[in-house]
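Below is one structure, written out as structure tokens, with a few remarks after it.
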Amino acid sequence: MIEIFRVVTKGRGRRVRSVKNSLNCPFPLLFCCGMFCAAGKNMFLFVLENLGQTIIPDLGSLESQHDFRTPEFEEFNGKSDSLFFNDGQRRIDFVLVYEDESRKETSKKGTNEKQRRKRQAYESNLICHGLQLEATRSVLDDKLVFVKVHAPWEVLCTYAEIMHIKLPLKPNDLKNRSSAFGTLNWFTKVLSVDESIIKPEQEFFTAPFEKNRMNDFYIVDRDAFFNPATRSRIVYFILSRVKYQLINNVSKFGINRLVNSGIYKAAFPLHDCKFRRQSEDPSCPNERYLLYREWAHPRSIYKKQPLDLIRKYYGEKIGIYFAWLGYYTQMLLLAAVVGVACFLYGYLNQDNCTWSKEVCHPDIGGKIIMCPQCDRLCPFWKLNITCESSKKLCIFDSFGTLVFAVFMGVWVTLFLEFWKRRQAELEYEWDTVELQQEEQARPEYEARCTHVVINEITQEEERIPFTAWGKCIRITLCASAVFFWILLIIASVIGIIVYRLSVFIVFSAKLPKNINGTDPIQKYLTPQTATSITASIISFIIIMILNTIYEKVAIMITNFELPRTQTDYENSLTMKMFLFQFVNYYSSCFYIAFFKGKFVGYPGDPVYWLGKYRNEECDPGGCLLELTTQLTIIMGGKAIWNNIQEVLLPWIMNLIGRFHRVSGSEKITPRWEQDYHLQPMGKLGLFYEYLEMIIQFGFVTLFVASFPLAPLLALVNNILEIRVDAWKLTTQFRRLVPEKAQDIGAWQPIMQGIAILAVVTNAMIIAFTSDMIPRLVYYWSFSVPPYGDHTSYTMEGYINNTLSIFKVADFKNKSKGNPYSELGNHTTCRYRDFRYPPGHPQEYKHNIYYWHVIAAKLAFIIVMEHIIYSVKFFISYAIPDVSKRTKSKIQREKYLTQKLLHENHLKDMTKNMGVIAERMIEAVDNNLRPKLE
């Protein structure tokens, strides 16, 4: 766009006309900007062709602050609920807060002067861009100054066209189809928000705004045409791109950099009222109050979320998060019901668990002497000390677990496919169908665009931040940094494993070797249990510490990459953070599930870690119970920690702030000062909310075969999470800048990847971690001839059959000198494996049972994976991503929009052509009439 404007230079009376835009700058000049030429060596005013901005090119001193266009200072008028300038007409669209340098108690006068000049240049350029500013001193602290920003109609229209904002053309005349569950309307009405309190939003056909077609848009009231969220978004777009300094041809710009450098203390849009009561201003919609009452308040915990009002107040990005979280929670209800049913099945049938009875039986488990599980210090031990853990294991390691694992493989596909349909509906309802085409480049990206290349499509010159070679270098460096941190996590996991191996020896030496019926603690506190619990707690602490450090590293890496749009930036950061979190949270679970107890050798020839530490062994019932313990501690600890961070931390910070302001609490404070003292939302916004839920989604799906109650815990947590997040946004935090979002971004493919991986992990947990396959092989093959002695299929004798025999005399020197002899002198002991006994021609080699079990495990994995994947792909094919109804709505809106704009354009053309034709006829008639006469 070529802008033609006139700059009036004060003092010399010089005029500059018809300056063309040759810098391809995204900021149009809205109207002429007066520029003052100051007398002095160290300062001059730079005219940046189409911007007309006041920029400080060096750090020289100003002779007078009147060189800049400054905001008007007004006293607070006493109206605490007012959302307008003191004139009561101009709405406050944004607030900037700074500390007056002249009243700071500091000796750094030079630094204060530099900050003041940068701020003045920035505010002057805001005024040059057409924004209107009004400054007011704080009521409670006279050092603070609040600069209120208002965007007039002309500015809003200009930037709405630049940002391709969709605005109403005409009311939507498409009728909504009635619900198929009409008989349940009474039930859904109880769960829904009362429409008399939160009225449904009127639906419109929309189109990207164009100033030259303003008459085509549905403008009933100019003040209401741009809602407050849209106004704030437009103003933030301007604030993020206005420059304030130029050093060596490098521009510094944007409100974010000014806030980070301390020149401004905060920048935010205003809440419309207090959350506990309605505003005294009759024109205020009181949307914050309604959101708190019908959404964030604990009494509304059973109600559906008012998504349209959330989207209207906070923007589409916040709205899509709560829509996704609510849908995920609804789907968890089904998974939780099935999971509880499978858990109850295992719980009610644990008394029928034959192999557990054998472990606890004094004549079977009480007489089986197990081999030491470590060298020197570990004693021989009786099998029946694991009686209680074997009973618990019967609950989780049952046939119901297999059914639940298959069900969850199908459930996760149904959830993802139905969410895509719901997301497509929201894209239509919230006008984000073509958002990717509308998104603007990030200001940080635009500032680095110094290299000129030829666009292959348009064959025109365009600017990019770095060459192809430079991009390759950045990608290589970033990938190396991410890989280094992943290796660091793996190193920490290895450290936990070494801790397990070391501390197990200590617990084995210190804890009782025999069960004392009078001491209930001895029943549960076995060396394996103590090692598992302490290692899980330490693992959780390390996870939290590494999370805190890696957050900053990931942001630095992504900033160095310099993605073009905000969506690209968030997707890149999301992939890095999730890759890190995946390894961080799940590595210990993968170790317990697939590595612990798998490569231990046998007592006469154990396998050692690093040549020193003997590999861990599982309990006689397997490692499944330990995996369940690990999941419970991490999921529970993570939920508690996150709630402390999300609820207590902002509440305590606001409480401390109110305590410091108690001296001025009797004064009436304006709306902007009340919002300033709320907590700012983090730079990453909803990123951690999504990350928390996706990590939980991984626990619910990846390891659900070991813990059927995981969906129930997730359901309870999410019901509270929705209301906690709502309470936090509406009561404890400043209002966020509304942002557009078409979908949940990179989290969608991440969930799809987790869903595919979950089928493999659950199949392998059932096959390799649980004892289901060995029990089935024994029941169908080894309990009856030719391998067994029973006349019918049974589980009796399973424990004795699955524990191999080892001759004590065959211990290596490391284990011969066992100091513990409380259990008497024994010639043999038992260990968990399938090997031939001593004296056999192939002693200590794997027996036929082992190979039957391996074949059955591999066959089970292949069959289960193929069945579930086939069902998943069929469901994905059968359920379209966009429903037929939504497609029809989108096509209908596109047709009517084009028709409306085309018809109006033809009317204008016809009208103009008619006028031109009349003038031509009149001109021809005037020319021919004298000749004819």
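Heads up, the Cβ atoms here are built off N, Cα and C, so glycines get one too.
Taken from TrEMBL, the feature domain 'Anoctamin dimerisation' applies to 84-307.
The domain 'Anoctamin transmembrane' feature in TrEMBL is assigned to 310-893.
What TrEMBL lists as transmembrane segment is 321-348 (among others).
For the transmembrane segment (399-419), the residues of the chain that approach it from at least six positions outside its boundaries are 324, 327-328, 331, 334-335, 338-339, 341-343, 345-346, 700-701, 704-706, 708, 711, 748, 751-752, 754-755, 758-759, 762-763, 765-766, 770, 772, 864, 867-868, 871-872, 875-876, 879, 881, judged by C-beta separation under 8 angstroms. Sequence annotations record features per position, and here TrEMBL assigns transmembrane segment to 399-419 (among others).
What TrEMBL records for 482-509 (among others) is transmembrane segment.
Annotation comment: TrEMBL describes 529-550 (among others) as transmembrane segment.
Here TrEMBL flags 577-595 (among others) as transmembrane segment.
Look at TrEMBL and you will find 693-716 (among others) tagged as transmembrane segment. Here the transmembrane segment (693-716) has Cβ contacts under 8 Å with residues 325, 328-329, 332-333, 335-336, 338-340, 342-343, 346, 396, 400-402, 404-405, 408, 412, 578, 581-582, 585-586, 589, 593, 624, 627-628, 631-632, 634-636, 638-639, 747, 750-751, 754-755, 757-758, 761-762, 765-766, 769-770 of the same chain, all six or more residues outside its ends.
What TrEMBL lists as transmembrane segment is 750-770 (among others). Same-chain neighbours of the transmembrane segment (750-770): 397, 401-402, 405, 408-409, 412-413, 416, 574-575, 578, 592-594, 598, 622-624, 627, 694, 697-698, 701-706, 857-858, 860-861, 864-865, 868-869, 872, counting only residues six or more beyond its ends whose CB sits under 8 Å from a CB of the stretch.
According to TrEMBL, the transmembrane segment annotation covers 848-869 (among others).
A contact between the transmembrane segment (482-509) and the transmembrane segment (321-348) is absent, since fewer than 3 of their C-beta pairs, 6 or more residues apart, lie under 8 Å.
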